[in-house]
Each structure stands twice: as C-alpha cells, then as structure tokens.
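**Q** After the structure tokens below, expect a handful of questions from me.
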Amino acid sequence: GSSITGFILLGFSDRPQLERVLFVVLLIFYLLTLLGNTTIIALSRLDPQLQIPMYFFLSNLSFLDLCYTTSTVPQLLVHLRGADKSISFTGCVAQLFIALGLGCTECILLGVMAFDRYAAVCRPLHYTVIMHPRLCALMASASWFIGFVNSSLQTVLIFLVPLCGRNKIDHFFCEIPPLLKLACVDTTVNESEAFFASMIILLIPVALITFSYSRIVKVVLAIKSASGQRKAFGTCGSHLTVVSLFYGSAIYAYLQPSNNHSQDQGKFVSLFYTIVTPMANPFIYTLRNKDVMGAMKKVFCRSFDSR
C-alpha cells in the first residue's frame, strides 16, 4: 500500500525551452477549441435548419470536446508557466475518470454518427423515421453512459494498484499507461485488462463505421449524377476526416505494447488527441459545410441588423 497524498506531473519539465513554445501554441489552440465548439453548439440551437439528427450529434461531439480539452489543458498551461507541477490524489483520480470517460464516449459517439450518415445516404426516404428524436437521444445517452461506466471500472482498478510511495508521473496529465509505471508490483494483468477494454471501446465503433461507409460507398457509386455524388461524399467526408484523426491517435496510444514507443512519443500523441483533434473538429465540419456556413451568416446578419 501507499500513503500518497498527491502526484508530480513531470510533463515537459526536462525541456524548459519547449515548455515556453508549447504554452503559446496550446493557449492559442485552446482558445480556438473554445470558440469553434461553442459556435457549433450555439448554431445548432439557434438555426431551425440545423435541428436535425446530424447536428444534434455534432453538438454533442462539440460539447464533449469542450469538456475533454478543459479536463487537461488548463492545468497543463498552469504547469508550463510555473514551478509547481503537483496535482492532488483526488484531483488525479477525478482527471483520469473524466478524461477517460469523455474519450470513451467520443469513440462510441463517432460510431453512432456513422450510423446516422448511413441512414441519411442509404435510406433517405425513411431517414426521419429511422433517426427519430427519441432514438437519437437514446443513442447519445447510451454513448455517455457506456463511456463513463467503463471509465469508472478502469479508474477503480488503476488506483487499487499499490504504488509504494512513487508519485512522479512522467506525463502531463493522469493517464493509465504512466500511472501503471508507478506500480511496485507486476501489472501484467492490469495492462491486459486495460488493453482488452480499449479494444472493445475502440474496435466495435470502428467496425460499425466500416460497415456504414462500405454501404455508403456502394450507394454513392450507384448515383449517376455528379452533383449527387459530391453531395453524398460532402456530407460524409468531414466525419471520416474526424474519425481518422481521432481513432488513428487513440489506436496508436492504447492498442500497442507500451515498450513499442518512447514516453515522449506517448506525450505528443496524447497532445494530439487532447487538444489538436478537438480544435480541428469544428473547423473540419464548418469549412466545407454549406448549411453551417449559411447558419453562421444568418446569425451574424441578424445580430448586425438588430444593432
């Protein structure tokens, strides 16, 4: 057992010059994340044309990304500019629980969003019947529920491992792999359990996404008009880009043996899916989306006219 009351997050403390650069870059990225995702949520609420299943799930994703980034980045920014890099034991438990829960929820939600795109492209005449508001709410709620149930189990199992006084975490936030490295006992069972849980949470949604898009491609290729094909690919292209960014980094981080990559690589991969992907998501969905761009213009014009 141990009587640890807090941890030291080493982060990038061995590279002081990098810390200064990272502070500026991450602060800009975090502000863009707040701006972009808040805009998506607001537009989905304000514009009646965006009150359809696709944007219901997208606003869920934006809210999730806001919470996910906020669970780690503000603390990282404080640590990058100060000498005190400590986090309380309770704070570490809470951070692991929240960040892991939100990450798992995003995995499942992206799979649900792929099913929504499948229904829209492959079953357009029955889309409103299939994607009924109750079903949408149920699928979104299930994503959050499953994500946080898994996080609860993982968090309890991780903090049952004896640390024997070790409290220096070679990472910038409390995450499973660096926490397991503090253990003073064999963690093979814990690593296997975490790997198995990660496989389920990651690969089942990937299978659903693969199935959905394989059917979508068949339908799109059968569309004779070029404009119809462009519209179908346009509505799915943004989602595929987000899926590739998120799952690529998550699979790299969680579905390979810990000795296959350095700790520094793990930190930078974690930076990618905790700040870069949440920042990029709203821009990916808006820049090529005429509906969102149109809604944005209407809101700005309405606010300008009111003045």
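Glycine is treated like the rest: Cβ placed from N, Cα and C.
Straight out of TrEMBL:
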{"type": "TRANSMEM", "residues": "20-43", "note": "transmembrane segment"}
{"type": "DOMAIN", "residues": "36-285", "note": "domain 'G-protein coupled receptors family 1 profile'"}
{"type": "TRANSMEM", "residues": "55-73", "note": "transmembrane segment"}
{"type": "TRANSMEM", "residues": "93-115", "note": "transmembrane segment"}
{"type": "TRANSMEM", "residues": "135-161", "note": "transmembrane segment"}
{"type": "TRANSMEM", "residues": "194-211", "note": "transmembrane segment"}
{"type": "TRANSMEM", "residues": "232-255", "note": "transmembrane segment"}
{"type": "TRANSMEM", "residues": "267-287", "note": "transmembrane segment"}
**Q** Which sequence-distant residues neighbour the transmembrane segment (194-211)? Criterion: at least 6 residues beyond either end, Cβ under 8 Å.
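**A** Distant contacts of the transmembrane segment (194-211): 104, 107-108, 110-111, 114-115, 118, 147, 150, 153-154, 158, 176, 180, 243, 247, 250-251, 254-255.
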**Q** State the residues, same chain only, that lie 6 or more residues beyond the ends of the transmembrane segment (93-115) and have a CB under 8 A from a CB inside it; answer 'none' if no residue qualifies.
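**A** Distant Cβ neighbours of the transmembrane segment (93-115) are 54, 57-58, 60-61, 64-65, 67-68, 71-72, 75, 87, 139-140, 142-144, 146-148, 150-152, 154-155, 158-159, 173-176, 179, 201-202, 204-206, 208-209, 212-213, 239, 242-243, 246-247, 250, 273-274.
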